[in-house]
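> Below: one structure in structure tokens.
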Amino acid sequence: MGIKGLAKLLSDEAPLSLKEVPLSHLHGRKLAIDASMAIYQFLIAVRSGGPGGQNAAMMLTNADGETTSHIQGIFNRTIRFISEGIRPVYVFDGKPPQFKSGELLKRREKRLKAEQALKAAEESGNIEEQDKQSKRLVRAGTKENEDCIKLLTLMGVPVIRAPCEAEAQAAALARSGKVYAAATEDMDALTFRSPVMVRKMTFANASKSDVQQIFYDKAIEGLEITHDQFVDLCILLGCDYCDTIKGIGPKTALKLIREHKNIETILKHLNREKYVVPDIYVEARRLFNHHEVLPDNEIELKWTECQPEPLKSFLVDEMGFNPDRVQASIEKLQKAFKASAKPQSRMDSFFKVKANPEGDKKKAEKRKAELAASRGKGKKGKGGGGFKKK
């Protein structure tokens, strides 16, 4: 889930922290990719139409009926990364923290509701609803993870098994300088203090070539708060470890943090009869600030040439992929790896950018004003001049 509403809040309050760039802009960068998030996205996106086009889209499978959508997605996308000169390292989730059990229970309840809705849609023949509910039932299990670990190892791409949350481990890799950024859709990578976060890296739609970079320092600066206050803000917004306070939205949460500095002081000024405050926010704060990750000295990132024959055997014999297409892709991978192995410098390494805090502040204020103006125009003509509920 990540942090509820944080992306929108940064867009409104700290627009300079967000930057859309083409994938090629990351040439020469090492990126720690949230593997579970990537696998989930490909399980949903890489699908085939039902027989005769009369049934809901289905995930790709091999002759034994085992799902292969995630394998095709990770294989093709990783080749694309390496072709762009990017060095990916995939980080897999370990055991979830105990205080995430509440969130996991909610997810199980949602899955049960989706199963019931899917059954009803199948009985009524509603294809659109079948597709919608089947996507809600998708999850990456142990087998999908192990399949991808085997694939990536044969491709020569490093894999890390995090002791706990993948986003926390990816953020730690970025903080230590072993990689440039944590690549995930979960905004809590910023709460774990990744200097740079990259989103949309594993979108399966090839036409969506742009990725989004989010810069931690500029986010903190734009929000006008400290890191400790940012952690408390994320807890108030709602995270995997702690429910949000119902009735307090992102804007109000930011206002309260700016005014009172921390959750403890906010609680002293909050009407406890009106607002229900989760009692585990202290533990949630501890998890964000002291999450279990592998020590830097235990991590060695090494990219190697792929193992052509074992890789082809895995994809063709086990996954049921087309031999000719697999061979062509392996040759493309080998060519991309050799090209990326040559010493190359990024263009921005030739230039030293002079900091201009005052200029950045003016840009941020201008951007905020533009956003406010555009929202104001959108509200004209609405009945009574009120807000439109979504």
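Cβ atoms here come from the backbone N, Cα and C positions, even for glycine.
What Swiss-Prot records for this protein is below:
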| type | residues | note |
| --- | --- | --- |
| BINDING | R47, R77, E165, G238, D240 | DNA binding site |
| BINDING | D186, D188, D240 | Mg(2+) 2 binding site |
| COMPBIAS | 349-370 | compositional bias 'Basic and acidic residues' |
| COMPBIAS | 376-390 | compositional bias 'Basic residues' |
| REGION | 1-111 | region 'N-domain' |
| REGION | 129-260 | region 'I-domain' |
| REGION | 342-390 | region 'Disordered' |
| REGION | 343-351 | region 'Interaction with PCNA' |
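I'd like these features described in context: how deep, what's nearby, how far apart.
Counting Cβ atoms from all protein chains shown, R77 (DNA binding site) has 21 others lying within 10 Å of its own Cβ.
Note: D188 (Mg(2+) 2 binding site) has non-local neighbours G2, I3, E167, C234, C239, D240, F288, i.e. same-chain residues 6+ apart with C-beta under 8 A of its own C-beta.
Confidence across the region 'N-domain' (1-111), taken as the mean pLDDT and rounded to a whole number, stands at 82.
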> Note down the number of other Cβ atoms within 10 Å of the Cβ of E165 (DNA binding site), including every protein chain shown.
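For E165 (DNA binding site), the 10 Å Cβ neighbour count is 28.
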> Hey, how far is G238 (DNA binding site) from D186 (Mg(2+) 2 binding site), Cα to Cα, in Å?
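Each residue's Cα considered, G238 (DNA binding site) and D186 (Mg(2+) 2 binding site) end up 12 Å apart.
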> Expressed to the nearest Å, what is the distance separating D186 (Mg(2+) 2 binding site) and E165 (DNA binding site) at their Cα atoms?
11
> Among all protein chains shown, how many Cβ atoms are found within 10 Å of the Cβ of D240 (DNA binding site), not counting that one?
22
